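Notes to accompany the following structure.
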Amino acid sequence: MSAPASPPTSADAHAPVPGHRFRRRIRKPWRLAAECAAVLIALLVAFPLYWMVLSAFKPAGEIRSDRPVPWTLTPTLDSFRRVFAQQEFGRYFLNSLLVAGAVVLASALIAFLAATAVTRFRFRLRTTLLVLFLAAQMVPVEALTIPLFFLMRDVGALNSLLSLILPHLAFSLPFAIWMLRGFVKAVPEALEEQAFIDGASRTRFLWQILFPLVFPGLVATSVFSFISTWNDFLFAKSFIISATENSTLPMALLVFFDTETPDWGGVMAASTVMTLPVLVFFVCVHRRLVSGLGGAVK
Amino acid sequence: MSVATGGAKSRPRRTPGPADAGGPPRARPARPGRPTGGARRGGWTPWLYLAPALVVLAGLLVYPVYQLGLISVLDYTQAQVSGGEPTSFQGLGNYAELLGDPQFWNVLLATVVFAAACVLGTMTVGCALAVLLTRVRALPRLLLMLAALGAWATPAITGSTVWVFLFDPDFGPVNRVLGLGDFAWTYGRLSAFALVFFEVVWCSFPLVMVTTYAGIRAVPTEVVEAATLDGASVWRTWRSVLAPLLRPILIVVTIQSVIWDFKVFTQIYVMTGGGGIAKQNLVLNVYAYQKAFASSQYSLGSAIGVVMLLILLSVTLLYLKLLRRNGEEI
């Protein structure tokens with residue numbers, strides 16, 4: 001706020017600046033109102049998540065009550081037990097983790113190399129490639145389910161985890177490259193010159209100097225690849241048809257949901273299990289994410 | 001425009017080092033032979049670095065897009081998939097069938113209106129909360145940030161199930177609080193769309209809020225102070241000072257929202273049970289999916305996909321044009 005205003009209140013009382021006191025008085029209640037609004041909105045935004053976790057712990061009787069209350073006095077793990085007792089839920093969880101992990105690792109490495117190429121080098125078709133990477137982000141994934149289905153069938157990947165990893169890798173790459181560009185660009189070129197003068201090879205510069213410097217950006221990018229892969233249920237639904245041992249979490253969730261009378265306790269417990277890893281991941285890296293977006297917005 | 005890039009851009013200029021000797025990329029003279037700044041041109045090196053990305057994208061993105069186009073001009077149903085009948089070339093027959101179908105126009109209209117509403121809602125909520133964030137102290141700000149991060153991180157599918165449960169006519173708290181009795185949100189066309197709208201705005205406003213907030217923080221405080229001193233209201237400050245300054249950021253997030261909201265699939269599919277009662281809540285994406293995988297009309301589904309692709313492509317071109325006009329260097 002206005003720096004000269006901070007000194008003593010006595011100066012205020014004598015009021016050499018007439019407009020100033022007026023503003024002071026008007027600002028306090030306004031700020032208080034704004035803060036109350038902010039807290040209220042925060043509660044409102046957080047409420048669905050709170051309700052999800054709460055319902056996961058509520059006993060069945062309370063969930064199916066006509067007068068739902070926002071608390072429970074008898075928390076129980078029954079819903080979780082039901083979820084984990086469901087056929088191979090743990091396995092679905094592992095599958096989801098495996099697919100998302102593979103996509104994150106592969107896309108981070110491949111995108112890092114590609115982003116380096118388009119920011120640190122000048123070559124023909126560079127701008128064309130960049131525009132293509134941008135355009136690739138607009139491709140509606142769902143529309144491509146049809147040709148991808150036939151492609152996976154033809155290479156014999158249908159029903160395997162590979163049929164989930166490969167398409168997600170392809171769909172997360174363009175955005176990852178586009179986003180990493182800002183981070184690679186931010187590394188001063190002088191550093192690169194210096195490395196070459198010191199006799200470092202191009203490979204050495206790439207992995208020992210550039211890679212650690214760009215790592216925060218890689219983390220931010222990975223959040224997006226992880227989330228889009230973890231969240232996917234369309235490919236899981238379309239490509240894993242007969243080999244249910246290769247299904248992922250969303251399918252397990254839908255088992256509870258897709259009926260005339262959904263088992264809400266089970267749905268909420270499964271939702272909690274599915275949301276938690278993303279939430280933890282997100283909160284851990286959110287600072288990097290926010291600064292990373294600054295770079296990507298460019 | 002943003003914090004990170006501003007620093008990155010000015011840094012090489014301030015450092016009197018070998019980088020300056022090499023000159024900024026734009027100033028490179030069109031001179032053949034070895035470039036002065038070691039890494040400017042690497043011959044085949046950039047292509048080597050690009051190779052894995054290009055292979056993956058060619059195989060899993062470009063080729064499927066080509067296939068999509070191909071299937072859309074063929075006669076491709078269950079009979080052809082199983083190999084029972086040979087595929088035959090249809091020309092634009094599938095498109096003609098599609099454009100002659102009133103349901104398609106109905107769905108297209110619904111998609112556009114729904115996406116527009118979502119974008120508008122997301123941008124309004126996101127920007128308003130970003131401004132609010134600048135006017136409160138650290139604790140309320142942290143609370144709102146954390147809540148928004150939670151909404152942002154929630155997978156679309158769990159977000160959908162939770163919102164359906166919240167609005168459940170029998171056991172949900174929303175109808176109790178609003179006194180709506182056992183009003184079933186998913187029965188009516190508008191109310192079902194409204195329900196999905198709430199969920200979409202809930203999970204997509206945080207990106208807008210966080211990005212816009214970061215943008216506002218990068219605006220020098222004196223600018224906003226001056227506006228306040230001159231007696232500008234919050235709205236006026238936003239309209240006449242902040243919004244023009246944040247234009248590049250706002251364009252990026254708007255276009256991003258347009259693309260996401262136009263492609264909404266999971267929410268509609270899960271919340272309305274695959275497109276709503278009597279298909280009243282179909283959007284293009286779900287429509288294409290249902291045509292292909294529920295009724296095995298792969299050609300029609302692909303044709304819808306191509307239409308979506310073309311619409312999004314024009315949005316992309318608009319985006320590039322706007323970026324160019326802002327003097328962005330790609």
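Note: Cβ is positioned from N, Cα and C throughout, glycine not excepted.
Predicted automatically and left uncurated, TrEMBL annotations should be read as such.
The region 'Disordered' annotation in TrEMBL covers B:1-39. TrEMBL lists B:16-25 with the feature compositional bias 'Low complexity'. What TrEMBL lists as transmembrane segment is B:47-66, B:107-133, B:142-166, B:186-208, B:245-262, B:298-320. The feature domain 'ABC transmembrane type-1' is assigned by TrEMBL to B:108-319.
Residues 129, 132-133, 136, 172-174, 186, 195, 198-199, 202-203, 205-207, 209-210, 266-267, 270-271 of the same chain lie 6 or more positions beyond the ends of the transmembrane segment (B:142-166) yet place their CB under 8 Å from a CB of it. Simply put, out of B:47-66, B:107-133, B:245-262, B:298-320, B:107-133 has the most Cβ pairs sitting under 8 Å from the transmembrane segment (B:186-208). Sequence-distant contacts of the transmembrane segment (B:47-66) (same chain, six or more residues past either end, CB-CB distance under 8 Å): 309.
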